[in-house]
Structure formats: C-alpha cells, structure tokens
C-alpha cells in the first residue's frame, strides 16, 4: 500500500494569530503535524497545534535554532515581524520557506513591494515616497498634497497608519508610525490619499506549475488600515476584474512562489490601482470559511503541498464583521453569544486571544444569505450583540 504523503509532513507556523489558527485546523484535517510559534503564550494557533514555542522571531539566531530543532518540511510565515535573514539562510540550507524567502522579504517591507509593482512592473499605484528623517517629511508632504497617508515601512493590520489632513498633523502621525514600526527599519512611506470609490481583495492561488487561480472578488471596509468587514461576491464590472487579474498575474509571475495571496486594489472610476499584497491567507478572506467550497486556508495548503485544486465556486453570498474589544482585559469573556447566534445561517468565531486591548480584533461573525445585503446586515447586527468583557 502506498504511504500517504502526509504521514510524516510537518509544518512550522511563524505567527500564531487567528489566521494561523484556521490554517492549523485545516492542516490537522489533512493529517499534518503542526508547530505554532509566536512571541506570546496561548496565542490562538497554539491552542490547536501539536506543539508550540514562545520566542523572539526577530532574533536571527533564536529563529534559526528553533526551526532546526523541529526540522519541519515547510516553514509557513503568518506575520511580518520576523528575521528575514534567518529565513534566507535556512532556505539556502534546504528548508522550504512558503512561498519563498524572497517573496516574504519583498512583501513584509512596503518599500520593496511598492518598488516592484510601480517601478519594475509599471503597475499603477498611489503616488508615494520614503522618508527616514522627520525634517524631510514636510517638504515631501507639500509635493504629494493633503490629505495623505503615513505608514510604517514595516507593520501589519494597519498599525501605525494615519490619515494626515494638514501639516499640523504630521508630527503626531510620524510618532505613531515610529511607535508601531516592526523590525529594525524605522522609515515611513508617505502616500497619496486616493478618494476611491471602493476597495477589494482578490484572493489568488499560485500553483507549483505557475498557474494562477482567482477567487471571486471580496469587498471590504477598513478603519485606519485595519479590516472591519468583508463580503463575497463583490459586484464589480468585468473590465475592472480583468485588469486586476492582469496586474496580479504580473506580480505573482515575478514572485513565483506557490501559495495563496491576498491582493488588494482600489477602484476609482475606470481605474484599477494596486494597494498591497500578502503572501498568505488574508483577513478579509475569512469570509471564505462559509462562502466558498474550498476556503482560503485549505487553498494555501493545497497550493504549497502541490495538491489538486478543483474548480473553486461560491456556495452562497456571505459576509463578515469583526468583534472588537473596547478595553484591556485579561482572560476576556464574551457576552451576547446567544443573541448573536439567533440569526439564520450565522456563525461566531472567537479567536481565543488571552488578552484584549482597545480596538483589538477578538473574533468575527460570518453570515450567509442568498441576498448579499441581508448577509452583510445579519453579520453586522450579530456582531453588535457581542461584547468583550471580564468576570
């Protein structure tokens, strides 16, 4: 009898948040062994993994040592705050970095992915520049014009991002970007504010053979760069989707690593404007847990494990709305679950984070309906029923 390819496969997950948790669950369904790594104990993915370890992932030697200790078949980054030098050296030594170390490096730094898209591939983006000293900021802000966006070169989930209305706001925005910057780079990206009509995510699966497979577009809303809600499918003109797919293919053909990518775009009139790219399951893609026949987490696994990916189709229009905490609690509890679960075709996912903070994402509501408007309405109303509290 032929041995299952999964009988000895081991995945090491770098970052163990809510997206990592869903990836671990899908991995366990395929019989894989998973090690979850993060910088704090009891992170969501650690609660369902086979093994876990708390380390400083930004320390090259510590990260290399723990990866060598567990000797995984695949190293799967879930966050940006880690030592890229360690990943590059380990890849040279024969470890499989998903999708590859170069892609992780390019996408974890806003300057590198913007340079690749705008300068190398001539893909339309917002006007931008990089600033490393505050004294240079005011002059560049005048060139780009107000309002504008200021972001750390390296951060995640919109942390440190500010909408700057006037010169008087530059100092506070600079301080916020510096305080929320991850890694050793303390520069910022100053970016034209685009008064877009809407924005969306195009989940794209890159197979080992170089084929790109596209999911239906996902609409989403953000606040200060952080995802608040999403829905699939998004009503959008075919011509705009064709252009977004063309842009995505050009970028992924350059990065060339198997896995799932979350590619974000702005739409302004007839223009498609590239925004950001993540080489892993995407926040907005949590809607696929109920909307698609194969969710984004399983798609990521199938892609880098080189497993078949049959036709991806919509089961039913669906929507999400995040559950946010309004203050800090240790071992938080959740009130209103009974009321939230009274909504038809609605699920609640509690991430299991051990500590809540003001504005921290603690869970998500998923709702389906043949009418996308009702799916969004039910997700919104159910989420409002849930309050993060403490005993």
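Here, residue 1 is simply the first one shown, and the rest follow in order.
Including glycine, each Cβ sits where the backbone N, Cα and C put it.
N(1)-(5-phospho-beta-D-ribosyl)glycinamide binding, as stated in Swiss-Prot, involves 18, 19, 78, 353, 360, 361; the candidate among 169, 197, 238, 283 given for that site is 283. Reported as a whole number, the C-alpha separation between residue 276 (Mg(2+) binding site) and residue 110 (ATP binding site) equals 8 Å.
With residue 19 (N(1)-(5-phospho-beta-D-ribosyl)glycinamide binding site) as the anchor, the candidate binding-site residues are 160, 191, 193, 199, 264, and the one with the nearest CA is 264. Confidence in the domain 'ATP-grasp' (115-305), given as mean pLDDT, stands at 93. Annotation for residue 360 (N(1)-(5-phospho-beta-D-ribosyl)glycinamide binding site): spatial neighbours 324, 325, 353, criterion Cβ-Cβ under 8 Å with sequence separation of six or more. One residue stands out among the binding-site residues 199, 283 for having the most other Cβ atoms within 10 Å of its Cβ: 283.
Distance from the CA of residue 264 (Mg(2+) binding site) to the CA of residue 110 (ATP binding site) is 13 Å.
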